[in-house]
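Notes follow once the structure below has been shown.
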């Protein structure tokens, strides 16, 4: 991020606009990523990103691709605001006399930003994953029921199984709070920290240095397309680097038929390695890169172009 400090209201507006636009654009790919990561050997519903999206539209309709989006859209504003503001805060306090930050200090600032962000990210991701994966679980149960009907009575197989109602974010939240308290919303906190902190350590320094390459003058902002491309490259690189799907598996409360359950990070890692092989850790990696690249590209354009600052500067003029 740029070292220039902007006001808190501007950060909130920038983060909100960037998050809302970015999430809306890339959410179907994020849903496919979650479903691809959660399916295990022997219980595969989808063979690829396109196969997952096509089957989702056929079984759940177009808006099925946005299952769980409301949670993201609600919480993405504080999540982005915290991440951007925290990185700026740490960069400002780690710099001395306006001198250029060293790579180590840029990484420390990213580490601090990622740690602060997890406060909002973990509950959001927890709820989003349940809602996104509900369609896969329902489709698997429907398929198993049809296969059972065919084997027992071919005539009964023609009957359409009753549609299973998907849980809402409110229902999931109430059940978690009732059964496990506030800690229930932070299931997978350790895995989230292991993903988001390294992501920020890689992303923020990489973006800052790529963006500087497009600045003809250190005192002038880089063109918006440079910030967009820098955000895309840095985001996709960091996303693939920290992709291993342990967090998604740990945060899934419902399992398909014959799918493994996990007691923690080490147990999850061991079972995936033994039963699915090392390549399983990178399921959905290209989907995650496709999600993160435009999301952070948009975020950086909004942040660096300064839409919020422009709007806030215009308000007094209109009032006058």
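For all residues, glycine too, the Cβ spot is worked out from N, Cα and C.
Note: TrEMBL annotation is automatic and uncurated.
In the predicted model, residues of the repeat 'Solcar' (6-93) average a pLDDT of 77. Residues or ranges marked as repeat 'Solcar' by TrEMBL: 6-93 (among others).
According to TrEMBL, the feature transmembrane segment maps to 12-32 (among others).
Sequence annotations record features per position, and here TrEMBL assigns repeat 'Solcar' to 101-213 (among others).
Residues annotated as transmembrane segment in TrEMBL: 184-204 (among others).
Marked as repeat 'Solcar' by TrEMBL: 222-309 (among others).
The feature transmembrane segment is assigned by TrEMBL to 224-246 (among others). A Cβ distance under 8 Å defines the sequence-distant neighbours of the transmembrane segment (224-246), meaning residues of its chain 6+ beyond its ends; these are 37, 191, 194-196, 198-200, 202-204, 206-207, 210-211, 213-215, 265, 268-269, 272, 280-285, 288-301, 303-305.
Among the features that TrEMBL reports, transmembrane segment is placed at 289-312 (among others).
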Structural state census, the repeat 'Solcar' (6-93) (DSSP three-state)
73 helix, 0 strand, 15 coil
